[in-house]
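Undergrad: Just dropping this structure here.
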Amino acid sequence: MKIVLANPRGFCAGVDRAISIVERALELYKAPIYVRHEVVHNRFVVEGLKQRGAIFVEELSEVPDDNIVIFSAHGVSQAVRTEAKERALTVFDATCPLVTKVHMEVARASKKSIEVVLIGHAGHPEVEGTMGQYASEAGGMYLVETPEDVEKLIVQDPNNLHYVSQTTLSVDETADVIDELRRVFPKIQGPRKDDICYATQNRQDAVRDMAGQVDVMIVVGSKNSSNSNRLRELSEKLGTTSYLIDCPEELKEEWLTNQAKVGVTAGASAPEELVNQIIEQVKVFGGTTVDELKGREENMFFEVPKELQIKTVS
């Protein structure tokens with residue numbers, strides 16, 4: 001049984017930056033370091049940071065006074081930022097710069113009282129943070145997930161409307177929703193460039209290229225990872241039986257029985273170390289050669305905050 005590796009896969013620049021922020025904060029300021037929400041949606045990563053002294057909380061009320069808190073890669077609402085400022089907490093912001101770009105689009109629309117439609121999944125922390133950028137009482141912000149949601153959407157002024165999207169969605173599904181928005185609201189405006197992040201796009205393109213070449217697809221990622229779920233869904237949509245797993249122990253031998261080729265890819269928050277562990281488990285179940293496909297080269301890099309670039313605390 002041949003193992004085919006997707007390329008690109010795994011960590012993106014935003015995830016790399018977020019994890020580095022937590023690691024450097026622990027190195028410079030020592031444990032405990034509080035992190036609001038999982039810094040990235042990967043159990044392997046989160047457990048590793050916990051062992052080094054990171055404490056993950058869901059609300060700032062769980063952070064004691066005079067402590068450091070890190071905002072996760074998914075971003076936070078303006079209300080959370082205000083609360084942290086009022087409590088004089090030391091904040092390091094690990095929000096992905098591509099999420100921040102969407103936040104800025106919403107904030108600009110809010111200042112002009114332009115209504116905003118967000119394409120995204122209800123309850124996802126990125127969606128909650130993005131919705132929390134809108135402050136205009138004269139306008140409004142609305143969440144849609146499907147073309148059917150658009151059909152039911154009622155806005156105040158169809159001629160003064162803007163849309164943005166969650167960065168980790170399926171490219172195809174988002175395109176369907178945008179098409180419906182433009183049909184129902186012909187004058188709606190959108191971002192100059194698609195909000196779907198480069199890494200989400202590239203990993204989905206890699207799955208498209210690989211799905212027809214393999215008999216079964218293993219996606220490495222956590223169940224709460226939006227972009228990992230979209231990879232599994234896309235592969236299934238393309239006709240390849242696919243599974244999302246968080247660790248080698250979740251891989252089942254029967255999935256691979258009588259299969260000639262197994263594809264392996266990873267969501268943007270899954271580390272290569274975990275991918276390698278799962279490849280080794282595939283080999284235990286009969287995997288032989290590993291063939292890595294060619295893919296789009298990624299050179300994106302995001303700096304950590306200046307305060308964390310120094311080697312010692314003055």
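Including glycine, each Cβ sits where the backbone N, Cα and C put it.
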Undergrad: If Swiss-Prot gives His41, His74, Ser225, Ser226, Asn227, Ser269 as binding dimethylallyl diphosphate, which of His103, His124 does it give for that site as well?
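TA: So the dimethylallyl diphosphate site in Swiss-Prot includes His41, His74, Ser225, Ser226, Asn227, Ser269 plus, from the candidates His103, His124, His124.
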Undergrad: Look at the binding-site residues Thr167, Ser225, Ser226, Asn227, Ser269 and tell me which residue has the greatest number of other C-beta atoms within 10 angstroms of its C-beta.
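TA: Within the set of binding-site residues, the most crowded position is Ser269.
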Undergrad: Any idea what the Cα distance is from Cys96 ([4Fe-4S] cluster binding site) over to His74 (isopentenyl diphosphate binding site), rounded to a whole Å?
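TA: Cys96 ([4Fe-4S] cluster binding site) to His74 (isopentenyl diphosphate binding site), Cα-Cα distance: 7 Å.
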Undergrad: Can you tell me how far the Cα of His74 (isopentenyl diphosphate binding site) sits from the Cα of Glu126 (active site, proton donor), in Å?
TA: 5
Undergrad: Suppose we draw a 10 Å sphere around the Cβ of Cys197 ([4Fe-4S] cluster binding site). How many other Cβ atoms does it contain, all chains included?
TA: 25
Undergrad: Can you grab the distance from Ser226 (isopentenyl diphosphate binding site) over to Cys197 ([4Fe-4S] cluster binding site)? Cα atoms, rounded to a whole Å.
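TA: With the alpha carbons as reference points, the distance is 12 Å.
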Undergrad: When you look at His41, His74, His124, Ser225, Ser226, Asn227, Ser269, which the record names as binding isopentenyl diphosphate, what is the longest CA to CA distance in angstrom?
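TA: That value is 15 Å for the farthest Cα pair.
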Undergrad: On a C-alpha basis, identify the one among His124, Ser225, Asn227, Ser269 that is nearest to Thr167 ((2E)-4-hydroxy-3-methylbut-2-enyl diphosphate binding site); the candidates are the binding-site residues.
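TA: Comparing Cα positions, the closest of these binding-site residues turns out to be Asn227.
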